[in-house]
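What TrEMBL says about this one:
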ACT_SITE  23  active site, nucleophile
DOMAIN    23-245  domain 'Glutamine amidotransferase type-2'
BINDING   261, 407, 456, 459  [4Fe-4S] cluster binding site
BINDING   308, 370, 371  Mg(2+) binding site
Ligand code: SF4
């Protein structure tokens, strides 16, 4: 239930039954081109990663201009806005926020003044250790406009840049202090920077705009829309700097064991995005095939829950020999709704976006393939909808394992009690959602369907690649659940006070 924002009631309801990524980022360096419009189109391609707010900043050689607001990309920018944002480079952001609330001030890019230089920062991910850093910066007189971790990163970079006189040194020192999952793009008047957490949890890719410039984006689908060709990923811990002098790379922080978010492949990324040479579509198709091998069922029709359940449903059908068909029709024109969180309104929210196709499902035993079950409330409603439309049996198949553990690296499920599979076994979940049978893809099966690399799979296993400070995770795990941190020595990461950090010799 990822990129389609079907159940996008969360902003005011707080009970939305789907996982949400916390953002998408885009950046372009292309002097002589309309960088604001290129960014606008890039953000359109990333709209599935966040629908609460959108923003663009441009650097015109003298200063940085920012336009941002709540709403979809198409709602935030008018033609006149884009025309007013001329420059040689730009960054953009779409936000689905959890930490730090919503509203204009949480919209990105954030900007910070470093003496007479303005920087703008756009961030995808979550930082787990910024509360202490924020307190210190506030004590030092740094003003904050929001409660977001992204603004802390922006101000921290500004602080170290002031202290060292060099922006890359500022970024490097900030990277050495912040922990979590992050992919960031940063703009000053004459340069674009892109950098990524040392485990590579959140995605970030580089593309070439012919010989005219460079693009960085959360996913390759945003390169395609602006006519850029994929060059490579931004490496874990790397800082990329693009300016009139060309493209430069340096290792901002030593890479740690790779831990790319596996949920990007299962559900967040767009199917036409390519990861390590493979389309997300093809991976999801394989997940469906593997699911049919692991959890076969006697049925008449395989349907997918639009949009992200469709490729695995096709794969399930091809492997099982059961015909694939449409069973749920999605209304693609439903905007975000800001309605009261009553049960009636929640149910209406699902029905506004999905309806069962009784012509296809009536009198049939249906396999319904979906990408995840979070709270279970939406699955329950869809199963009921299919039965009311005449399906004689509904067998639910999920193309990933049970989501049992909270995520602290950029997804909005950071409280374990929200997760139905943390509280109930498979049979209990099946009973709750009213399905005739329920099965999840195994972790081993999932790993067979995605490229070979290091993955974070903490939401299935509780093995977290980055230690979660107790102050951040307090109250977020259920009793009896003990997360593990396979890559560290068991101690809390010690971060020196901001004011005590010694500046090394500037390298730029
Ligand atoms: S915990 Fe899950 S959703 Fe979060 S980064 Fe890891 S794999 Fe992705």
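The count begins at 1 with the first shown residue.
Note that Cβ sites are derived from N, Cα and C of the backbone, with glycine treated the same way.
Confidence for the domain 'Glutamine amidotransferase type-2' (23-245), expressed as mean pLDDT, is 93.
Recorded residues residue 456 ([4Fe-4S] cluster binding site) and residue 308 (Mg(2+) binding site) have their alpha carbons 20 Å apart, per Cα-Cα distance.
Rounded to a whole value, the Cα-Cα separation of residue 459 ([4Fe-4S] cluster binding site) and residue 370 (Mg(2+) binding site) is 17 Å.
Across the fold, the C-alpha of residue 308 (Mg(2+) binding site) and the C-alpha of residue 261 ([4Fe-4S] cluster binding site) stand 17 Å from each other. The residues near the [4Fe-4S] cluster site, meaning same-chain residues not in 261, 407, 456, 459 whose C-beta sits within 8 angstroms of the mean position of the site's C-beta atoms, are 181, 201, 262, 263, 409, 410, 411, 457, 458, in sequence order.
The two recorded residues residue 371 (Mg(2+) binding site) and residue 407 ([4Fe-4S] cluster binding site) have their Cα atoms spaced 17 Å from each other.
Checking the recorded positions 23, 407, 456 against ligand 1, the ones with a C-beta less than 6 Å from an atom of that molecule are 407, 456. When the Cα atoms are compared, residue 407 ([4Fe-4S] cluster binding site) and the residue listed as 'active site, nucleophile' turn out to be 15 Å apart. According to DSSP, residue 456 ([4Fe-4S] cluster binding site) sits within a strand segment. Look at the binding-site residues 261, 407, 456 and count other Cβ atoms within 10 Å of each Cβ; 407 has the fewest. Just so you know, the Cβ of residue 370 (Mg(2+) binding site) picks up 24 other Cβ atoms within 10 Å once every protein chain is counted. With a 10 A radius on its CB, residue 459 ([4Fe-4S] cluster binding site) counts 28 other CB atoms from all the protein chains.
Summarising the environment of residue 23 (active site, nucleophile), the number of other Cβ atoms within 10 Å of its Cβ, over all protein chains shown, is 27.
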